[in-house]
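Have a look at the structure below before the remarks.
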Amino acid sequence: MENMQYAEELVREFLTFRGFTSTLRAFESELSTDIGRSFQVDKILELIFSQYIPKYQADKLISLLSFFKQCLFSSLDSVLISTLSKLELSILRFYIVHALNSGRKDKVVEFFGVNGNYLLQKREDWLPWFVIPYLKNPSLDPQFRVYFSKEWFDALFLSFRNFLKKITVKRLKNDIKQLNQKLSELQALLETREAEILRLSSTSSFTLATPIHQGESSTGDLSSEIASKDNTTDPRKRNLLESTIASSSHQGEEKLGANGESLGSNSESQWSSSLKSGPASSSMQRFGGDAEARNAYQISQSERKQDSLREDEFPEVKVDFQETFLGHTSPISRCRFSASGTNIASASVDGTVRIWTYDSSTPSSRNATIYCGAEIMSLDWECRSDRLLLIGTADGGIKAWNADAKRVVCDLSTTKEFPSVLDLKCSPVEPIFVSAAASRRHGSSKLEQVGFASLTVWNMKTWKAMTVLPLGEDPPAITSLSFNHNGKILAASATDGMIHMFDMSAGLQITGWPAHDSAIFEWSLHNQGQILWSRDCSRFCNPESLKKCWHEIALDSNGRRLLVTSGSVRSPIYQVQGHMNGLRTLPHSAGITSVDWHPTLPMFITGSADHSVRVTSIL
């Protein structure tokens with residue numbers, strides 16, 4: 001059906017070449033009401049139930065149903081093919097019932113005579129029906145009575161209508177997929193052209209600033225070549241040149257540091273290993289006197305400089321399939337896979353949560369829209385039953401939504417002093433969850449608007465607070481939580497760059513350390529303070545994006561790929577602890593505000609400020 005227009009052109013060419021002008025005119029006339037191309041559900045229903053069946057045009061009815069089968073076979077959709085086969089059986093049975101109700105047994109006998117061989121391909125379904133024209137009162141026969149009832153016809157009509165609408169939706173999704181692919185190619189081309197323009201403009205400006213030389217990356221080579229081209233042999237003049245170049249180079253480094261929201265700036269755009277955290281002091285102050293940690297950091301910095309590609313030069317991911325959800329009407333604040341990966345919960349800043357599925361073969365019985373009345377700041381699925389969704393809001397609310405019952409089963413509230421529920425995390429073992437709430441203060445960005453932290457442990461059987469985890473006096477806000485595999489240890493990251501570790505059985509903090517202020521780090525839990533891997537993603541975290549949402553990172557089920565939110569239309573996917581270059585996601589039309597990985601499959605979701613949520617399965 002995707003090549004319908006091309007096929008029509010071939011038919012026109014054939015009819016014109018053979019001189020079949022009358023047929024060509026009839027063909028053009030029929031195209032204006034072509035049911036296969038425009039796929040108008042009501043017209044198809046009218047054609048079947050108001051024309052083919054009442055006028056006993058069985059050959060055209062079977063031909064039309066065969067046409068739909070061919071279209072579905074070309075798409076290799078086994079579920080729809082099976083459904084159509086069952087509907088075809090019922091529609092042909094209704095043809096027989098209608099003929100008998102109209103007193104036209106001759107049409108029934110004719111139907112079986114012409115199509116008997118075709119029907120006997122499904123012998124078990126049709127064999128009893130060959131006797132129906134010879135029964136005196138088939139409508140009273142227990143075997144056929146149900147087919148003569150109005151309820152059965154209404155159910156058939158509604159089922160076929162829903163089936164046709166599902167085909168329409170599938171075709172639209174395929175069209176959207178093709179358009180998204182084309183859009184991605186065009187955006188990639190646009191980014192390439194913009195990068196070339198930027199490179200040419202920067203080269204041009206450097207040439208104007210230093211007309212003696214075209215400009216090189218190494219300051220040493222630059223000073224040598226300037227001296228060589230100027231035939232400068234005076235040591236004082238040569239030293240002056242080198243001093244000027246070194247000074248310019250250091251100024252450039254300072255500028256880059258400021259643009260990267262580091263070196264003492266109030267950066268809220270970088271978060272710690274598998275957790276989000278905020279700014280701390282400089283890297284040397286951060287590690288204090290720990291020589292081992294400093295060396296590890298310097299080694300990781302050196303490795304990072306040796307990467308062959310920058311993040312904006314990463315190749316695009318190779319996509320197996322991609323689905324885009326367009327049900328939201330404002331920027332996405334959170335999106336999460338359920339524990340089984342079959343459902344997705346996505347939230348937007350207008351206080352709306354939607355539960356949906358990305359696979360047409362998955363039942364949509366859990367699909368729902370939840371109106372919370374306040375901005376959604378956190379989401380988490382209860383991972384033991386995959387049934388409960390926890391929702392944290394900006395007005396101190398914590399809702400527990402039962403996805404099977406489609407209702408809120410509990411509505412909790414934090415204390416008035418800590419109204420912003422920044423994160424929620426369910427234990428993988430126990431029926432408990434932890435909320436990270438924060439006080440409020442005035443500010444222009446998300447980070448500046450949160451104050452002190454409060455960590456509360458809640459019982460999911462009684463829906464009551466159990467304990468408050470100790471954080472010390474006036475602790476900075478906690479932005480992200482994570483349990484270990486058995487739920488005995490909780491890690492929490494704070495806006496001051498600290499990582500806190502809690503023993504959940506004792507309800508006490510067992511350790512903590514200042515993490516970082518700019519890069520993403522993977523830390524060793526066996527050797528505290530040891531950095532295993534790091535990357536600097538500051539170029540993706542622009543300050544404007546933080547005015548609307550927090551930045552997030554997500555690690556895949558194998559612990560090998562790290563997905564990061566981005567102020568750009570694409571997000572980087574880093575290869576953890578590897579020397580391979582990373583990948584880039586396909587672009588949205590605005591910044592990427594939330595990310596998550598499927599619990600078992602190589603599949604991720606990205607929520608965007610363009611109001612869309614996208615599910616991407618990668619090869």
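Cβ from N, Cα, C; glycine included.
Under DSSP, the residues of the domain 'ARMC9 CTLH-like' (51-167) split into helix, strand and coil as follows: 99 helix, 0 strand, 18 coil. According to TrEMBL, the domain 'ARMC9 CTLH-like' annotation covers 51-167.
For 169-196, the entry in TrEMBL reads coiled coil. Restricting the average to the coiled coil (169-196) gives a pLDDT of 80.
Residues or ranges marked as region 'Disordered' by TrEMBL: 211-288.
Taken from TrEMBL, the feature compositional bias 'Polar residues' covers 215-226 (among others).
As annotated by TrEMBL, compositional bias 'Basic and acidic residues' applies to 227-240.
For 241-250 (among others), the entry in TrEMBL reads compositional bias 'Polar residues'.
The compositional bias 'Polar residues' annotation in TrEMBL covers 262-271 (among others).
Annotation source TrEMBL lists compositional bias 'Low complexity' at 272-283.
Helix, strand and coil counts from DSSP across the repeat 'WD' (325-366) read 0 helix, 17 strand, 25 coil. Residues or ranges marked as repeat 'WD' by TrEMBL: 325-366 (among others).
According to TrEMBL, the domain 'Anaphase-promoting complex subunit 4-like WD40' annotation covers 472-523.
If you look up TrEMBL, you'll see 585-619 (among others) marked as repeat 'WD'. DSSP assignment over the repeat 'WD' (585-619) gives 0 helix, 18 strand, 17 coil.
The domain 'Anaphase-promoting complex subunit 4-like WD40' (472-523): residue composition by secondary structure is 0 helix, 30 strand, 22 coil, according to DSSP. Remote same-chain residues near the repeat 'WD' (585-619) are listed as 180, 183-184, 187-188, 316-326, 328-337, 339-341, 344, 346, 348, 358, 542, 545, 548-549, 552-557, 561, 563-573 (criterion: CB distance under 8 Å, separation of at least six residues from the stretch ends).
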